[in-house]
Structures are given as structure tokens and as C-alpha cells.
Amino acid sequence: MESTRVTIVGSGLIGRSWAMVFAAGGFKVKLYDIAQQQLTTALENIRKQMKELEESGFLKGTLSAEKQLALISVCTDLKDAVEGATFIQECTPENLDLKKKIFSQLDLIVDDSVILSSSTSCLLPSKLFTGLKHVKQCIVSHPVNPPYFVPLVEIVPHPETDPSVTERTYALMKKIGQSPVKLNREIEGFVLNRLQYAVISEAWRLVGEGVISPTDLDVVMSDGLGMRYAFIGPLETMHLNAEGISNYCERYREGMKLVLNTFGPVPEFSGEIEQKISQAMSEKVPAVPKHLGARREWRDDCLIGLAKLKKQMKSN
Ligand code: NAI
């Protein structure tokens with residue numbers, strides 16, 4: 001992995017973040033996009049972010065912002081972009097036909113050793129990679145936004161992915177300071193979104209049934225469950241909240257099943273409940289770019305602080 005050269009395909013929100021994470025790890029990065037203007041904007045944005053992070057002391061890695069920037073180059077020719085690459089991270093829009101087209105273009109020009117990795121949030125590897133000549137080298141590495149501060153990466157192999165590709169991808173993610181997890185097989189939503197959707201759907205039902213207001217529902221997570229979930233997961237929570245898992249199950253299994261059996265069907269996420277939640281959220285943060293942008297900045301500042309705390313606490 002020492003000689004790893006990374007190519008990022010697509011220089012939008014996620015492509016830029018990956019470029020920054022890899023540069024922080026000391027890797028040379030080639031950023032490819034179809035439009036030169038998009039690349040120019042991406043580089044300007046990366047420079048601005050890195051300078052700000054350096055000033056506030058949150059720049060990752062051991063190199064200065066200037067040195068990290070010098071590791072990133074841009075390119076609008078796909079063949080040139082992948083020349084010498086040992087790891088390619090695709091970050092184009094979430095559209096199956098577009099991604100399939102890009103992977104078949106890559107399939108024609110790459111060698112037998114490069115890893116072809118996709119950032120897709122929800123497209124299954126079997127949909128993306130089946131039929132490619134280099135399918136054994138293909139994998140999904142699903143990041144969480146913003147990857148610079150939220151380190152989780154879900155690594156999801158295609159049924160035909162070579163196990164060594166999974167291992168090499170896992171090792172690379174570790175090396176750049178991300179927190180990879182391996183899925184043993186593909187499944188809709190991977191794991192993060194399955195957990196997230198379980199929470200969202202019960203939140204939706206509780207608000208829809210008038211049990212709690214939308215804003216109070218969010219407080220249950222931000223000042224309740226979420227406080228511990230940044231440090232320990234639901235399974236370790238069980239372990240610690242009793243004298244171990246078995247004791248927890250003994251004490252709470254019937255109660256959990258009783259509650260779970262009262263859960264309603266999958267919500268429609270539309271109509272009156274949507275209106276109600278939308279109104280409550282918009283009263284708090286108006287749904288216009290200025291206010292949403294300011295709130296996102298605040299969220300990212302919180303995540304920076306949390307990342308720092310997690311490092312101090314050595315929580316992993
Ligand atoms: P984006 O829309 O910000 O960026 C997409 C980029 O791809 C643009 O720069 C566009 O010019 C470029 N592009 C379009 N067609 C191309 C082509 N044929 N070849 C090369 N580049 C091309 O999208 P974003 O948000 O960065 O998402 C990228 C991927 O990351 C998606 O698959 C998305 O599901 C995934 N993802 C997104 C997250 C998010 O929160 N935005 C979180 C985790 C994954």
C-alpha cells in the first residue's frame with residue numbers, strides 16, 4: 001500500500017472530501033471530472049477548507065495544508081486520470097445507469113491490480129458491477145457525510161469480489177484514519193441506512209400518532225440516545241445497562257418484544273404528517289439555503305468538537 005496512488009472520479013461534495021482525507025494520509029490524489037469548471041471550483045473549495053482547518057488546528061494528518069494541496073492534481077481525461085492508480089474511488093451522482101457506464105469505461109482501461117471502489121449510498125454491488133471483466137476488483141466503500149469528520153466507511157463486496165480486495169480496502173481506510181466496517185454480504189440500505197431508517201420510521205409514526213411533537217422527538221435523540229451512541233453502539237449499550245448481554249436479555253427481552261409488537265407499518269412519508277414535520281422543522285431552521293447552510297456549518301463545528309473529544313477519550 002506504500003505506493004498507493006488514488007484517483008477520485010467525480011469532484012462534488014463527496015469526491016472533494018475523499019481527496020482531502022487521502023491527501024491528509026499523505027497519498028497522491030488525482031481528481032477527475034467531466035467539466036474543468038467543476039474541478040477548478042473543487043480545488044478552490046478544498047484549498048479554502050484546508051486553510052480554515054489549519055488555522056483552527058483541525059487539519060488532519062502531519063503535513064501542512066500547502067503540502068497536502070500539492071498532493072492533489074486534477075484531470076479531465078479518464079485514461080490519464082487512472083494512469084498509475086492503485087485505488088479508484090468513484091463519487092459521481094447516485095444514478096445506476098450513469099455509474100454503470102462509468103464502471104464499464106473504467107473496466108476497459110484498468111489493469112488487473114487496481115481496486116475499483118464506489119461511494120454509492122444505496123446501489124447494490126450486484127447492480128453496479130455484475131458483468132464487468134474486473135468484477136473481482138470491485139467493491140463499495142460507502143462514506144458518511146461529511147467523511148472528513150465522520151470516519152465510518154461501510155465496505156460492501158460484490159459476491160465475486162476477491163477477499164484480498166476487501167482486505168486491502170479495509171487496510172487502506174484504516175491507514176487514512178477512517179473507521180471501516182465490513183459487510184459479509186450486500187443488503188439493501190447497507191447497515192447504516194437500515195439503522196437510520198428504523199429510527200426515522202418510528203420517529204415518523206410517533207409524531208404522526210400525536211405522541212410527541214417533532215421538535216421534542218429530535219431532543220430524545222440529541223439529548224438522550226445520541227449522547228451515548230457517539231461512543232458505544234446499541235449492543236454494547238445493552239451489555240453495560242445490565243450485568244452483560246445475557247442478563248439484559250433475561251431482564252428486558254419480554255418488555256422489548258411487547259414494545260416492538262406495537263410498532264406500526266412502514267410510513268408513507270407524505271401527506272399531513274409530512275406537512276406537520278416540515279412546518280416544525282422550518283420554524284426552527286427555515287428551509288432556504290442561507291439558514292440551512294448556517295445550520296450545517298454549526299453541525300460540522302459540533303462534529304469537529306466531537307471528533308476531538310472522541311480522540312481524547314480513545315473511545316474505540
Ligand atoms: P455531487 O452531485 O456533489 O457530485 C457529483 C460529481 O460527479 C460532480 O462534480 C459532477 O460533475 C461529477 N460527474 C457527473 N458525471 C460524471 C462523469 N460521467 N464522470 C465523472 N464525473 C462526473 O454528488 P455527491 O453528493 O458528492 O455524491 C457522490 C456519490 O457519493 C453518490 O453516489 C452519493 O450517493 C454518494 N454519497 C453521498 C453522500 C452525501 O451525503 N452527499 C454520503 C455518502 C455517499
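Cβ from N, Cα, C; glycine included.
TrEMBL labels come from automatic prediction, so no person has curated them.
The structure displayed is predicted, hence computed values, not measured ones.
Listed in TrEMBL for this protein:
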type   : residues : note
DOMAIN : 6-184    : domain '3-hydroxyacyl-CoA dehydrogenase NAD binding'
SITE   : HIS142   : site 'Important for catalytic activity'
DOMAIN : 189-244  : domain '3-hydroxyacyl-CoA dehydrogenase C-terminal'
DSSP-assigned states of the domain '3-hydroxyacyl-CoA dehydrogenase C-terminal' (189-244) in counts, ordered helix, strand, coil: 40 helix, 0 strand, 16 coil
All-chain count of other Cβ atoms within 10 Å of HIS142 (site 'Important for catalytic activity'): 24
